[in-house]
Each structure stands twice: as C-alpha cells, then as structure tokens.
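Features reported for this protein in Swiss-Prot:
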type	residues	note
MOD_RES	187	FMN phosphoryl threonine
TRANSMEM	20-40	transmembrane segment
TRANSMEM	44-64	transmembrane segment
TRANSMEM	78-109	transmembrane segment
TRANSMEM	123-143	transmembrane segment
TRANSMEM	214-234	transmembrane segment
TRANSMEM	242-262	transmembrane segment
TRANSMEM	267-287	transmembrane segment
TRANSMEM	301-321	transmembrane segment
TRANSMEM	322-342	transmembrane segment
C-alpha cells in the first residue's frame, strides 16, 4: 500500500469560491433594491447587460485559453464583477457603455493577468475608471431620486433611453435630470463640489432640495444604508473580515470630521462622506475583494485606512466628486508592500 502525503498547506477552507461569490451576490440585493427604488428600472437593466457581457467575455477568453468554460462560469465571479460595475454607473447610461466597461474589466483587468486570483487590481473598478476617464459627461449624468425628480421614466421609457437616448415622447436625459426646483440635478457629492466652485457657501448648498431634511442627500443615504445591511450580512456569514471596512469607515469619518471642524465653510461634513456616493458599497463589497486586498490582519487595517484617506483627499481636493474607485486602485498598488512589511513572524527562524 502506498501512502501519499499532500503538500502544505494542510488547512482547508470548505467554502468554495462559487459559494462565497453567491453570498456576495445575495448580500448585494438590498443595495440593488434601494437603487432601483430611488433611481428606477435602469439599475436592473444595466445589471442584466453587464451580466450577459461578463459571461460572454469570460467564455470567449476561456475558450481561447483552452480552459473549461462551464466550471469557470459557475464560480459567479464574472457575474459579481458585472454587478459591481453596473450599480456604479448612472442607470440611464447608454447600453454600449456598460458593455464596453464590463468587457474591459473581464478581458483586460481580469483574464489578461491569468484569471480569477491573479489580477492585481479590482476588475470592476478598472472598468469604471476607464469609462469615467473616457466618457466623463455620461458617467456623471445621474438622475435625481424619484422624490425630487420632475419627471420619472417608466420601464419602457427607461429601455428606450438606454438603447436610443430618447423617451417615447421625445424627451432626453437633459429633461429627465431636471428636479422639482427646475434645475438639473447631480449626486450630493457632485452638487457639493460644483456649487463650492461656483462660489456658493456650505450653508447655501445644504438648502438645496437634494439635501432637504436628510443627513446626506435624498435617496443616497438610504442606498448607502442598504449596502451597509448587505455588508453586515457578509460579516455575519464570515464571508469578509471586519478589518478593512471598519478601518476604511473610521479613517474616512476621522478625516472628514477633522477637515469639517477646521474648515466647515469649504469641506463636507462626516455624514455626507459616510452616507453619499459609493462609500458603503466600497467598504463592504469592493475593498474586501480577497484577490486584490491585503492578506494579513494588520495589512488589512492599513489597506482600509489608506483607502479612507485617499477617498477623503480626492473628494475634498481632487477633480472627481467621489473617488472610491481611484482610492481602491491606488490602494491595490500598495498591497505587495503592505503584505511584505506585515508578514507574521515565523518562530524558530532567525531574522535574516
């Protein structure tokens, strides 16, 4: 009888990649539902387009690399990449944008590096940044939440807008972005930044309809809270660890609080930073990507804190209103260095 000894490591995680990805997709349901409620059917249509494109692009590359298509598509990683990109772009963005962004994310940012587990950068955020740099106007053309929108497109008009750029009555995106005050709307962070540049005071800005009676923007605070619910679910299921989201949110809140205390007339409040834009989505669903994040506990704390500082700096002093995507990619660059200096000590070996 021959006994074969498997090579190390001997510890084994019973959770398969497909189950982990499926849990993340399930955790995303509250956030997707909230975005659909406040911004319309476009969110769901973008997700469908992204999912189809992601699976198609993944299948093509796998076939070219002569790898098993069925087994790789069943790990749901391509679907998750498509979903994260789809919820990050405006719901009425032209159909070809989500197809282009998702295709770039899967083919260039993921498969070109060798596939799942080999990519150094978050594929969804690579796709997002490519679209943002290439098509800045379309990528910042968010609809106002239905509560302050003058016109809300129905399901068929949403489809027409995505595929033709016009509603049945001939309306376009410019018309749909008009709020109840008759002014074209933007996201809370975008509105804050552009209004400051226009010479408005923070006190004046906070009187705008998009901030009326809420902590961080009509609709957006509930969207962020919905993503937070999904993040708590992931923590409860032990799909992600607490280090990255907690260090990211605490650091972002600390930077925002200090900045707001020193310069309340030019910098956004902590609640606006925490409950606007892609804060909670980034904290629990993007930064926690096990492939592109730090792998040690101390490293995760540093990684999350670095991303928090970068988000605050970009939002406060950069040219883009949000900054989560850029912060994630910049933090991804530092992961090898962070992991090198936070390696746990190996006992029984002298320091070389």
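Heads up, the Cβ atoms here are built off N, Cα and C, so glycines get one too.
Counting Cβ pairs under 8 Å to the transmembrane segment (301-321), the stretch among 20-40, 44-64, 123-143, 214-234, 267-287 with the most such contacts is 267-287. With pairs at least 6 apart in sequence, the transmembrane segment (242-262) and the transmembrane segment (20-40) have fewer than 3 Cβ pairs within the 8 Å limit; the two do not touch. All chains included, 23 other C-beta atoms sit within 10 angstroms of the C-beta of residue 187 (FMN phosphoryl threonine). DSSP assigns the residue listed as 'FMN phosphoryl threonine' to coil in the three-state reduction, outside any helix or strand. Outside the transmembrane segment (322-342), and at least 6 residues removed from its termini, the chain residues within Cβ reach (under 8 Å) are 88, 120-122, 125-126, 128-129, 132, 187, 189-190, 277-279, 281-282, 286-287, 292-296, 298-299, 302-303, 306-308, 310-311, 313-315.
Contact count against the transmembrane segment (123-143) (Cβ pairs under 8 Å) is highest for 78-109, out of 78-109, 214-234, 267-287.
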